[in-house]
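Novice: Pasting a structure here, questions to come.
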Amino acid sequence: MPTAGAVLLLATAAVLSRPAAAANEKKPLTISAAGAVCGFSNELKEVASFAATKVNAYLTETEQLGTLAVDFCAAIFNGNGKPTAGEVYAALLAAKTQTDRQAQQQKLVTGALLASSLCSQQAGHIESFIHVFYQAHRDATTTCIYKSDEHQRKAADVPCVNNGGGLNKITITTRATKPQLNSKYKAIVAGTTPNGAAAEKNCKLVNGEQSQNVFLASQTTNIALKWGDGLLTVPIGDTAISASNWEPNNKDSIASGNYKECAAALEQVPPRQSTATAAASKLLKLEAEDDPKLEEELISKNSFYGDFPISNVKITATDFSSLHSKLKSYRKKHTADGHQLLKAKLQHLEKQMQMNATACKLGAEISSGEPSTAKTTTSGRCEGKAKTACPKSDYRQREEKDGKEECKPKSGEEQKTQTTGAGEGAADKKEEKCKGKLEPECTKAPECKWEGETCKDSSILVNKQFTLSMISAAFM
């Protein structure tokens, strides 16, 4: 049985043989390092804005070229004098350039979407890593983003993080300049930026040793954890973070690392079409108020379609100046004609509205003036009623031979008819004029209409058709 001294000796040996607790690898990121990483991430997110701006500009210019080609033709053929060959070829060049650009639109949009997707995805990886480090903070002795003048880092210290402690969202804005991915990428390892904090602060997120990191406690080996899609690889030895732990270190450019696909896609926005792009830029200058004084343009043989043109053609500087003058004059007149046309349309619309109002008023008058043929006779009000229910003021009672009493109208009341409406003759019994007539007699009478098996008054139908025809005519 071992003695107490032997036990003490064994315990001491075990302690001495255990590796010393590493400290340097728990030194957190500095504010400057986090800021440089966020600067790169923000530039990646700007790719979406740049792509959207370029696509919009490309499509707008392509549409302008189509309008320009049409206006060129109108200006040189509808004006005075015969156009020069150079002016005609300038119009053809505008149309061809538009067609060439339209053929590339699908490629442009696809490339813009690819660049936006790749770069935004990688920005998300980076910002998620920074956000985890930002949240891993308990007190002045435990933080993973260290600020030298005060331990309590704030959202304002980390450009990726908003005031609420969350991550900033991507917003699409107008951006004409290409994002500077490479310079932001290399800035991460510039100077002392990539180095860990001077004090320990106990950040185990940057410790890859399984005995020192609770997240790796079940591992049997040390692991070089990678953060931000490989942007940062944590040390596993007793060393602090330095430039060697960051991916941009010893890289010539962003094209050599994990972000090369994003950078390559960005280079294709917009697609490189030097000929069409240069021609478009040149021709669109002719829309300026003042003569742009363009230099001559050479149209090479067979450069348009097939074997056209059959020889080289020059559009001289004089041709461009003449075309600019004719285009300006045509558009000025065209604008004036457009104003006159708009004025005429407004006047026509005003008259139409007046006609509509008149037709509606006329229709209302016709509708209110229609006679009602709803007949109320004394027999309808009294026939079949018992003696006690017969109105005494307008009717009398008579006893039949069989002893039954009936309600009968007074003398002269049988043919009374209530009519409504305005106008002379509204109270006439129009329905009575047609009622009972046979079909041959009914069809000959202008005020009657044979309908089914009955002869009816047609005045109501005529009035309605007249009103509808007036309203329809007013709105045509």
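Quick reminder: no glycine exception, Cβ is built from N, Cα and C everywhere.
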Novice: Consult Swiss-Prot and report which candidate among CYS38, CYS360, CYS382 shares a disulfide bond with CYS160.
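Specialist: The record-listed partner cysteine is CYS38.
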Novice: In Swiss-Prot's disulfide listing, CYS203 is paired with one of CYS144, CYS262. Which one?
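Specialist: Swiss-Prot annotates a disulfide bond between CYS203 and CYS144.
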Novice: Rounded to a whole angstrom, what is the C-alpha distance between CYS38 (disulfide bond) and CYS144 (disulfide bond)?
Specialist: 15
Novice: Going by a 10 angstroms cut-off between Cβ atoms, which of the disulfide-bonded residues CYS38, CYS144, CYS160, CYS203 has the sparsest surroundings?
Specialist: CYS38
Novice: For ASP457 (GPI-anchor amidated aspartate), list the number of other Cβ atoms lying within 10 Å of its Cβ atom.
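Specialist: So the Cβ neighbour count for ASP457 (GPI-anchor amidated aspartate) comes to 20.
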